[in-house]
């Protein structure tokens, strides 16, 4: 490693590895390791050893370099007040889970009130996912081309507008169109994770992304509680209107959101990126790194072909299937929960369906207070799902966490073959939902980490789009196929998750302990290897 000498002084203070590249490193071929030598004061100090995963102390941030990258600044500034505020605001956007949870509550209500056949009820659910599927890639492209903040704000305001309008739908065709437009807006909400992840230091990234998933769980619980209060008195129209409250709060607070500094640097807005980083440092009460911010090589952003380069092709295809399976299974379980609770147990569900069909076509069943109570219990499983994922994801890695979640869900699905009573049914559904939601959360951590900044939003958007394909299909399995065979339905969900567990294991890159890649022209992880936890020659598999 090169030595930096200061006349008159002579002892080593610290040895460290740079987190990013500098312009000078490219020109001189200087390696990433530097030693600072100071002469003439003391000679009895030992080299500083950093613990695994520990960040370089702020006082030693770039002590010998005159340049730094956004990654360096984010790591040096650390996690603080700015990130806490960002967590709450992006979390409000993430509470759009209310718009998804309402599907399982709205379906039986409209089936009774408008006398809808089962295929129309399933279509009402699927049209939301059609909108999400058709827009997810578009929102990702907008976020890569015009900024994360721009894409997120437009999508949330779109969802808010059409969500409120849905409450005024006079007939089935109107609500079908309006809910499809709501789905179109929801397709852009996952970009909140892209924006959020790009402001997080490496050590806190997985935990923080998982913690904003708590807002998803809070949204689902709040939706059930809101339904208990609103449905018996005000009806489903007011439930649709009031479910837009978190997005309304986000719309009022989104003026505070900054644009991603990583995006600004990549698009050539160096001054804007620097101003954002100084704002974060001021909020957190931390010093900025020394030197000048390096402007990354400007690239074409949001290009689909970049997802299928030799380095990312296999990762992209496997991730698409993993996201498909996550949504297919998660939303399938949400819909199955309502069906199972109305039937009382698994074994009587087919006979109950036949009895209902034999009766007058006007016969239907509203959700009872007991149904809402059990629905609330299974919804609460999202919280232990977050906690389990939070505990294991930095211990066993992202890939194994996703595989574990799929395996447990598959096992619980197979146990439903037994003629269990309502209490055991509730426990199995609780465990299954906890783990499949945990797997979904792990995918939201892994995906932004594995793609470079130029295609990060697009990569997340296409994965989200594939998830909506799974969610689009699942109502016809959980509501239509269920009428023919409950066991075949369970086999479909269990088999899909077993395949997804294998796909998780075959992902070529493990992102645990790695920094976010800035440029698609570098080998993955070149810009930042986990501090103290990986050596340069360590495999990235």
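Every residue gets a Cβ built from N, Cα and C, even glycine.
A quick note: this is a predicted structure, and the numbers were derived from the prediction, not measured.
Here's what TrEMBL has on this protein:
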| type | residues | note |
| --- | --- | --- |
| DOMAIN | 85-512 | domain 'Major facilitator superfamily (MFS) profile' |
| REGION | 518-541 | region 'Disordered' |
| TRANSMEM | 86-107 | transmembrane segment |
| TRANSMEM | 119-142 | transmembrane segment |
| TRANSMEM | 154-175 | transmembrane segment |
| TRANSMEM | 209-230 | transmembrane segment |
| TRANSMEM | 236-257 | transmembrane segment |
| TRANSMEM | 311-331 | transmembrane segment |
| TRANSMEM | 401-418 | transmembrane segment |
| TRANSMEM | 424-446 | transmembrane segment |
| TRANSMEM | 458-478 | transmembrane segment |
| TRANSMEM | 490-509 | transmembrane segment |
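The transmembrane segment (424-446) shares the most Cβ pairs under 8 Å with 401-418, out of the stretches 209-230, 401-418, 490-509.
Between the transmembrane segment (209-230) and the listed ranges 119-142, 236-257, 401-418, 458-478, the one holding the most Cβ pairs under 8 Å is 236-257. The recorded stretches the transmembrane segment (401-418) and the transmembrane segment (154-175) do not share 3+ CB pairs below 8 A when only pairs 6 or more apart in sequence are counted, and are therefore not in contact.
If you take every residue in the domain 'Major facilitator superfamily (MFS) profile' (85-512) and average the pLDDT, you get 80.
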